[in-house]
């Protein structure tokens, strides 16, 4: 929005030329989102407490979690508000990639909101019925996938980039739609599964978003994309501002979500952030790098799949409890130790993911 205003005022005030620079808008984006989150945090927490919107804790969960019962939840609303306002302020709103991310972010946020509302306000522990949750997730993902396919059909925007191989970029055709669907829905639910400890999901989300900011910048730059042997996608550069908005809003939320948490993001936050990360990965054609950088999310999801599969097939559990962060809690690890070690793993994986751009 402001970039349009800057274009109008440039002939009269040269200062507004600064807003043409992607790096300048990226810095303003992270600072704006961070400031909004820090400002909204106390207001949101107080409001949630007044409305008695508190976390529901399963009786079969770790005993250490019983103290979390009643902690304000649905704090993801302030994350989405901070990201959305920042995007509307600092991005080029004529860019279709920006609207693709916003559609998934707010659409999945709405699904998560209904789920949280039913759990916390209506006191329905099951929340939104699973089949309806997946229906709305699938509908949003397919709409975005079809739109992106129609927009970039048979171009670099629908190629599959394989890490470590510079000349392996097959054209996906209609398989692009299927891949996009699974990446968006899968990442959304993976982040949701990871959101089980204070700050556990938000920091890896921030790190992955920061990694994708670097990738989006390289993908949207003709010289660097050619140098790194990745597709040149001119619209991708604007995703740098989107990614930095996620980083800023996430860090602001972490201020209140760090152990011991004053607020939880709820499904309204985790489903939306995961969906946004998946969409960004698709747009910059780095779905496979997402598997590396988002390895913590993958690990959490696989632990649930393996646990359920093993119990149904063999009648035995592999882990003491799934997702895997609960396994380590039940082994006696203090919650902060689990959280920080998962953060460290995430940081290393993001660096490895970025290294794949050069190691080809």
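Glycine residues also receive a Cβ, built from the backbone N, Cα and C atoms like all the rest.
Of the given residue ranges 5-25, 26-46, Swiss-Prot assigns the label transmembrane segment to 26-46. Ranked by number of Cβ pairs under 8 Å to the transmembrane segment (94-114), the listed stretches 26-46, 199-219, 236-256, 263-283, 338-358 are led by 263-283. No contact links the transmembrane segment (236-256) to the transmembrane segment (288-308), because fewer than 3 Cβ pairs that are 6 or more residues apart lie under 8 A.
Distant neighbours of the transmembrane segment (338-358): 163-164, 197-200, 203-204, 207-208, 210-211, 214-215, 218, 228, 230, 259, 289-290, 292-296, 325, 328-329; these residues of the same chain sit at least 6 beyond its ends, with a Cβ under 8 Å from one of its Cβ atoms. Same-chain neighbours of the transmembrane segment (168-188): 104, 108, 134, 137-138, 140-142, 144-146, 148-149, 154, 156, 158-162, 231, 270-272, 274-275, 277-279, 281-282, 287, 290, 294, 297, 301, counting only residues six or more beyond its ends whose CB sits under 8 Å from a CB of the stretch.
Counting only same-chain residues 6+ beyond the ends of the transmembrane segment (288-308), those with a CB under 8 A from a CB of the stretch are 160-163, 183, 186-187, 189-191, 193-194, 204, 207-208, 211-212, 215, 274, 277-278, 281, 317-319, 322-325, 327, 342, 345-346, 349-350, 352-354, 356-357.
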